[in-house]
Amino acid sequence: MIKIGITGGIGSGKSVVASLLALSGIPVYIADEESKWLTNNSPVIREKLTALFGPEIYTNEGLNKKLLASHIFNNPEQLQQVNQIIHPEVNRHFSAWVERQTSPLCAIESAILFESGFYKVVDISLMVYAPRELRIERALGRDSASREEIERRINSQMSDEEKKDRSDYVIYNDNRQALIPQVGKLLCWLQSQ
């Protein structure tokens, strides 16, 4: 089975590309959604986050996101500790998910494919690229975040240039090239692998 890692920054269109792949019959694991689920439901994550931050890190509704954000915002060491707790569990969950798939191809969508190390468990890395200003406009229209918050999120991730350099395949979602034909070319390329 060929495993595809889909990445790109906020507002790049990686979720759209993931949806197009899913429509073509390729199972897609959405790492962000699954990590949120695991953070609330994995006893391993819950135990380790509680040990790190105390029992108030969880409420009756689940993870206390505001409290977690207050711990890791501007604290790279604590952010790294949290990532070292969550990423291995997501990786295990993804591997178990892959084992259940019967398709010759499957994919994982992750904004932090390279930063998290998930690139090590995929065969092909695919970056969805869009210019920074277009990404900001898309995120402003979609998210309830300010321009400054969006720019801060962009700046906290690996640069597009580095992601492009590290990716096996790049799709340009820049409003100049149609997206669906590019996904069609990707599917043809994948069949030739």
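For all residues, glycine too, the Cβ spot is worked out from N, Cα and C.
If you look up TrEMBL, you'll see Gly11, Ser12, Gly13, Lys14, Ser15, Val16 marked as ATP binding site. In sequence order, Ala130, Leu134, Arg135, Ile136, Glu137, Arg138, Ala139, Arg142, Ile150 are the residues of the chain that are 6 or more apart from Gly11 (ATP binding site) and have a CB within less than 8 Å of its CB.
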- Task: Could you say whether, by DSSP, Gly13 (ATP binding site) belongs to a helix, a strand or a coil region?
- Result: coil
- Task: Could you work out which of the binding-site residues (Ser12, Ser15) has its C-beta surrounded by the smallest number of other C-beta atoms within 10 A?
- Result: Ser15
- Message: Centre the Cβ atoms of Gly11, Ser12, Gly13, Lys14, Ser15, Val16, go out 8 Å, and tell me which other residues of that chain have a Cβ in range of the ATP site.
- Response: Gly8, Val17, Val128, Ala130, Arg138, Asn173
- Message: Counting across all protein chains present, how many other Cβ atoms fall within 10 Å of the Cβ of Val16 (ATP binding site)?
- Response: 16
